[in-house]
Amino acid sequence: MSRKMTLGKKNGETEGLQMNEENLWCLKEDGYDPGLHKHYEGLFTQGNGYMHVRGSFEEGCSDAPQDEEYLRFPDNVTLEKPRHPKSKQGTFIPGIVGRHPLLKEEIVNLPYYLGLEFLSAGERLDMDRCRISGYQRWLDLRDGSLHRSVVWETAAGMKLHCTFTRYLSMAETHLCIQQVQLEVLSGEGRLEVKATLRADVRTNGMNHFARIVPSADSEGSLSLETLTEEGNQIFMLSALEASEAIVWHAENTRMTAALRGECRLRTGDRLTVSKLTTVTTDRDMEEGTARDRAFTHLGHAGNLGWEQMYNRHAAKWKSKWQYADIRIKGDDAAQINVRASLYHLIRSNAEQDARVAICAKGYAGEAYFGRYFWDTEINLLPFFLHTNPQAARNLLLFRYNTLEGARRNARNYGYRGARYAWESSLSGEEQCANWQYADHEIHVTADIVYALYHYVNATGDDEFLERYGIDILVETARYWCDRVDWNREGYGELLGVMGPDEYLPFTRNNAFTNRMVKFSLEQTVASLDSLQSGKPDSYAAVAERLGLRPDERELFRHTAEKLRLPYNSQMEIVPQSDDFAGYADVEFDSLWTDRSRPFGHFISQERNYRSKALKQADVLELMLLFPQEFSHEQLKAAYAYYEPITTHDSSLSVAVHGIVASWLNHKEEAAAFLQRVMAIDFSPEKKGAAEGIHIANCGGLWQLIVYGFAGLASAMWSDTIKLQPRLPEGWEELSFQIVWRGSTTG
Ligand code: BGC
C-alpha cells in the first residue's frame, strides 16, 4: 500500500469550508478533563451499522482496568450507580451476545482493537500522567472520523505534537482505519511504538471469552482470534505501517497480541504510524471462514489504497446525510446537537441486517445489555421512515424474524399467540430480569403493530403487511384475546398493567395501553377483511399457515369493540388509568430537593409505586400517537395536569412534552424542552453519554423538530404532507428532506 497516509482530510483543515460551517459539523471537546473522560467515550462512539467502538483513547488510560470481574445484579438501570467511574472501552458487533447468570443475554464487549501506545525512555503516553498541553478532540459528523491533537513533553526532553485520527469505514464495514502522527517540535530521542489487540475486556464484570489466540509477526501484522462461550468466533487482523523504518517484535501475552518497535527521532522529524484493522465473525452474512475473509478484506483495502478507501467511506456518509440532515439557521448550538443525534441514529442502524435492531444505548455502552425495547418502534422508527425507508423496513423485519421468540414468551405466560418481550433478545425472548417490567409492560406488543401501520402508511409498501405483517397481527391478536379479562358488564379490561410511565407498575386499564391494543385488534380485523375480499388466495394461504379459524376473527372484532378505554371525548382530563386518581399526591418541593438528580433517588420504590409521580409521558404519548382523537382542550388540560407531576426520569419523556408544548403554541416551554432534550447526551455537566447514547432521545429530537417545530402531520394519519411550523425564537430557517410514500421532498 502506498505510504501516503492522508485520511482524506488533514487534522484541523477546513477544506475550503467556512470555519463556522466546520463548527456546525464538528462535535468538540476542548481541553481534557478526566472527570468527563467516560462521557466523551460514549459521545464519540463511532460505528457503521456493522460494528461500533466507544471513543476511548488508543493508548488506554491509567487506573482504569477493563477486566474487572464482578457480578452485576438486576436493578433499575435508570437509578443504578454504574461501575467504572473513569473509563470503559466498548467494542460491539450487534448480534454477538453472551449469557449472564443473573441478567440473561447481553451484548459482548469484544476485544479492544484500537490499541496504539507510545513510549519515550520508558515513559508511556498517558493523558493523566504525562505533561500534556494543547489538547483538542473532535468528532467530524460529516464522515464520522475522530481526531485528537495534543502536545506531549516527555520526561526525557522531547516535545511531540501528536495527532490521532480514526474512522470505521462506512463503505467497507469490516475495516477500521487509524493513523497517528508524531511531529518532534524539539528535542531528540528514541520513541517506542506498541500496537495491540487486547482481549482483557469484561462485559458488566463477566468474561465471555472461552479461547483467545494472539499472534503477531515481524512484518507488522497481528491477529487475535477469540471464541466466545456461546461459540461465536471473532477474528481481528491488523496491519501496521510506519513512515520510518521500524523493526517490529512480537510481545504477545495470553490475552493480547502485540507488536513493539522503535525509532530515533530528531527535531523536525515526523513519524506516521497507521493501523488498519479488519474484524470478521462467524455470524457475518458473507461466505467463508472469519479468518479467510479478514485476509480478503485486508487485501481489498490494500488494493484500494488509503485515499480511495477514505473517499468511498466519505461518499457513503455523504449520501446518508443527503437524506438525514436537518439545517437550522439562527441556532448553532441546536444545529450541532441535532446533527450529533442524527449521526448516532445513522451509525446505529444495520440497514442490511434484519437479524438485529437498534439497542437502547445505540451500541455505545453496556448499560442496557444491547437489548431492544419499544424505543425502536415509537421513538426511532419515524426518523428512518422518512430518511431511509429500507432501514425502517429492516427494523420491522427484525420483529417478524423474532415472532417465534414472541410465541415462546406467550406460551411461558400460558397464553396463545405472540407476546413481544419488554427487553428483547436476538431471538425475541424476554430478557428483562425485573418482574415489574417483564410481566406488566405489555404495550410493546401493540406498539409494534402501530409501527407496522406507520411504516405502511409512510411508504405505501402494502405488500409488507401481506407478506410479513399479517402473521404479527394475527398472533398478537390471539395473545390479546387471552390477556383481556371480562367484567360483569361484558366489557374487556387490561388489568395489572404498567403503561409507559414505569413508576406505576400495576394499574387497571392504562389509557395508552388499552388504546394501542384496541387499535391493534381493529387493524388486524380490517387487514384480514380486506385480504379476504381483495386477495382470496393470499388469505387462504395465511389462514392455512396460521391455522386461522373463521370464528377467531369474530373474537378479535368483539374484543376490539368491547375493550374498555378509561376515557371518553367528554372528559376534560384523560386519566392515565382507571385507578390513577386514587394514588397518593406527592409534595415534590419538599421531597425532590435536588432537581439535577432523578426524582427516583429521593423516594423509595415502594412509596413511588403508590404515588402520583410519573416517570415519563404516558397520556401525552397517547395523544402524540392519536392526535386526531383528542380535542385541543383535552391536549391542553392533559399537558397542564400531567407535566407538573412528571419527573422526566426517563429520557423518553422530554421530547414528547416538547412536541405537545409546541402544538399548544407554548413557545417558551417548547424551547426549554428542546434544551433539556439536547442536554441528555450533550451536556458535560450531566455526563449523560457515559453509559451509552440515549438513542430513543435522539429519535425524540428528530420528532420534536419535525412533528413539533415544523408541525408535520404524522404519515400515520395524513395522506399528504402537511406542515404547521412554529419555530423557536431565534430560528431563522429550518429545512430538511423527507421521504414520503416513495418520493423525496425538501
Ligand atoms: C424507560 C423506558 C425505555 C427504557 C429503555 C426506561 O428508563 O422508562 O420507557 O424503554 O428506559 O430506553
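Glycine is no exception: its Cβ is also placed from the backbone N, Cα and C atoms.
The annotation domain 'Glycoside hydrolase family 65 N-terminal' is assigned in TrEMBL to 29-283. Taken from TrEMBL, the feature domain 'Glycoside hydrolase family 65 central catalytic' covers 340-703. For W374, D375, K615, Q616, the entry in TrEMBL reads substrate binding site. Annotated active site, proton donor per TrEMBL: E502, in sequence order. Taken from TrEMBL, the feature domain 'Glycoside hydrolase family 65 C-terminal' covers 717-743.
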K615 (substrate binding site) in three-state DSSP notation:
coil
Other residues with Cβ within 8 Å of the Cβ centroid of W374, D375, K615, Q616 at the substrate site?
F373, P500, E502, S650, L652, S653, A696
Those binding-site residues of W374, D375, K615, Q616 having Cα within 10 angstroms of E502 (active site, proton donor):
K615, Q616
For Q616 (substrate binding site), which residues in the same chain are close in space, meaning a Cβ under 8 Å from its Cβ, but six or more apart along the sequence?
P500, D501, E502, T646, H648, D649, S650, L652, S653, V656
At a 10 Å cut-off from the C-beta of W374 (substrate binding site), count the other C-beta atoms across all protein chains.
26
For the domain 'Glycoside hydrolase family 65 central catalytic' (340-703), mean pLDDT (0 to 100):
97
Is it possible to get the count of other C-beta atoms within 10 angstroms of the C-beta of K615 (substrate binding site)?
22
Neighbour count, 10 Å Cβ-Cβ cut-off, for D375 (substrate binding site): what number do you get?
26
Quick one: largest C-alpha distance among W374, D375, K615, Q616, binding substrate per the record, in angstrom?
16
With DSSP helix as H/G/I and strand as E/B, how many residues of the domain 'Glycoside hydrolase family 65 C-terminal' (717-743) fall in helix, strand and coil?
0 helix, 8 strand, 19 coil
